[in-house]
Structures are given as structure tokens and as C-alpha cells.
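Asker: Have a look at the structure that comes next, please.
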Amino acid sequence: QMSNSSSISHFLLLPFPGTWQLQLLQFCLFLAIYLAALLGNSLIITTIVWDHHLHTPMYFFLMNLSLLDLGCISTTVPKSMINSLKDTRDISYVGCVLQLFFFTFLISAEYFLLTIMSYDRYVAICKPLHYETLLGGRACAHMAAAAWVCALLYALLHTANTFSLPLCQGNAVHQFFCEIPQILKLSCSTAYLRELWLIVLSVGLVFVCFVFIVVSYVQIFRTVLRMPSEQGLHKAFATCLPHLAVLSLFISTASFAYLKPPSISSPSLNMMVSVLYSVLPPAVNPLIYSLRNQELKAAL
């Protein structure tokens, strides 16, 4: 037990359960997923940068998403792989602060960006004649910048607030990386109430974005279903389905991770769920986008 956070020099991350052989298996699995994510996202970024046909708002946002995915998986997975190989659980105090900050920053920027992408899909399908005016180069740059800056401020607020709490429940984090809920569990019983206003703000933000996405897609489907030609219908679905699939994967796994009842909570289940929302999407997103997308396939 530690008396306060000033005396904590490092945290202990939750190791993957099992024998050395199982840990080696986890290392290989993580390495495969990590390399797949690196390769897939790097390919998408390079292709979009090099191919002039892909210099459109949709691909500009997709490139941003790939950058965020690369950052997100690089924040959590390499440290876990190194620990598996060394058979250790340690992460330094500064390392934990940085991991929590970058993870919060990248995951929230990704959510904001997915929200903007639903607006892009809405304009493309419901207001195709105004697409160039509403989503010019400058407008897109401003939107993407807004997503990054808001996420940066949000992560700074959360990180500063989380690590300013006195920690008196030891230094063992029940997760394979440092994340807010797990650090809050280490805080003294009443201290986490200070984080409450930020949690309320977070829920509000998430809800506003979610409503915006739902409204966008309701409009999109209403327009799509009124389309007379089958070709137009097919093109609209091909445009929206990848984004919808990525969005669903992201929201469902993150919601389950944060909203599941404590009664079904166990360290191994928590770990499985966190792998689902922090490790899987960055590796799967490039696949989802490139499988359905003829232009991207041709460019690749």
C-alpha cells in the first residue's frame, strides 16, 4: 500500500495470465496484429498522399483516421509486448502518465473524426451539388484540426485531473496499459468525486456526437431509399457501409468496456474487452475500408 501518489515511482500493469509459453503466444499474437495495423494504415496513408485522384474530403479524413489508428495501437501494444518478453509488469510513473494521455487523446480524436466523417457522408449523399462548397479543402482542414485540438485539450484535462488525485490503493493497474478508470480505482475513496464533473462532461460529449451521427445516418438512409436507380443505391451503400462498420465496431466495444455491469467484471474479461476496443479496430479498419472501396483498391 502506498500513502500517496508522490511516493509512487512506477505502476504494475496486469500481465497476461498463464505460463511463459502462453505469454510468448500473446507476444506473437500482439506482434502479428501490430504489424498488420502498421502495414495496413501506412499503405492507406501513402496511397492517399501519392494518388491525386484520392485528394478528396473522404480520403483526407480517412488518412487522418489511419494516422490516429497508428498512434493508438503504438501507445499500448509495444510496451505490453516488451513486458511479455522480459516477463515483467513495470511501467514508470512518467510512462504511465504519457500512455494515459496519448491513449485518451488518440481515442477521443478518433471518435470526433468518425463524427465528422458521418457529416461528410451526409453531405455527399444528401447534398451532392453542394459537396464542393460545404467541404472545400479549407473546411476539411479546419474540421480535422478541430477534432485533434479538442481531443488534445480533453486529454490534457483528464490526465492532469487523474494524476492530481491522491492514490492510496497501491500501484497495481488492473489493465495491460494505463487508462483512466483503472487509475481512478487506485485513488483514495472520496477523491475520485473530483473526476466526476469531467466524467459528466465526457458523457455529454459522447452523447452529442452520437446523436449527430444517428441524425446524419437517418437522413442518409431516407435519401438512399428514395433513390430511383439501383446503381445510385449501390454507390451510396458502398460509400457508407465501411464508415458505419468502423463506427459500430468502435462504439460497441468501447461502450461494453466502460458500461458493463461490475457483476460480470473480472481481470481477464476486462483485458479481453480492452483488447477488442484498443487493439482490434486499428488493425481491422484498413481492411474494412479497402475491401469495399474500388477507388482505393485500384490506387493500391
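Placed from the backbone N, Cα and C atoms, the Cβ positions cover glycine too.
Straight out of TrEMBL:
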- 40-289: domain 'G-protein coupled receptors family 1 profile' (DOMAIN)
- 20-46: transmembrane segment (TRANSMEM)
- 58-79: transmembrane segment (TRANSMEM)
- 91-114: transmembrane segment (TRANSMEM)
- 135-157: transmembrane segment (TRANSMEM)
- 196-215: transmembrane segment (TRANSMEM)
- 236-259: transmembrane segment (TRANSMEM)
- 271-291: transmembrane segment (TRANSMEM)
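Show me how these features fit into the shown structure, please.
Answerer: Beyond the ends of the transmembrane segment (20-46), by six or more residues, the same chain brings 62-63, 66-67, 69-70, 73, 77-78, 80-81, 84-85, 87, 279-280, 282-283, 285-287, 289-290, 296, 300 to within a C-beta distance below 8 angstroms of the stretch.
Sequence-remote contacts of a segment are chain residues at least 6 beyond its ends whose Cβ falls under 8 Å from one of its Cβ atoms, and for the transmembrane segment (58-79) they are 13, 30, 33-34, 37-38, 41-42, 44-45, 48-49, 91, 95, 99, 102-103, 106-107, 109-110, 113-114, 116-117, 120-121, 124, 140, 144, 147, 176-177, 239, 246, 278-279, 281-283, 285-286, 289, 296.
Beyond the ends of the transmembrane segment (91-114), by six or more residues, the same chain brings 8-13, 61, 64-65, 68-69, 71-72, 75-76, 79, 83, 144, 146-148, 150-152, 154-156, 158-159, 162-163, 173, 177-180, 183, 206, 209, 213, 243, 246-247, 250, 254, 278 to within a C-beta distance below 8 angstroms of the stretch.
Sequence-distant contacts of the transmembrane segment (236-259), counting only residues of its own chain at least 6 positions beyond either end whose CB sits under 8 Å from a CB of the stretch, comprise 58, 65, 107, 110-111, 114, 117-118, 121, 124-125, 181, 210, 213, 217, 220, 223-224, 227, 270, 273-274, 276-277, 280-281, 284-285, 288-289, 291-294.
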Asker: Given a Cβ distance threshold of under 8 angstroms, which distant residues of the chain, six or more beyond its ends, lie next to the transmembrane segment (135-157)?
Answerer: 57, 60-61, 64, 101-102, 104-106, 108-109, 112-113, 115-116, 119-120, 123, 198, 202, 205
Asker: By Cβ distance under 8 Å, which residues at least 6 away from the ends of the transmembrane segment (271-291) in the same chain are close to it?
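Answerer: Distant contacts of the transmembrane segment (271-291): 14, 16, 30, 33-34, 36-37, 40-41, 43-44, 62, 65-66, 69-70, 72-73, 76-77, 103, 107, 175-177, 179, 242, 245-246, 249-250, 253-254, 256-257, 260, 297, 300.
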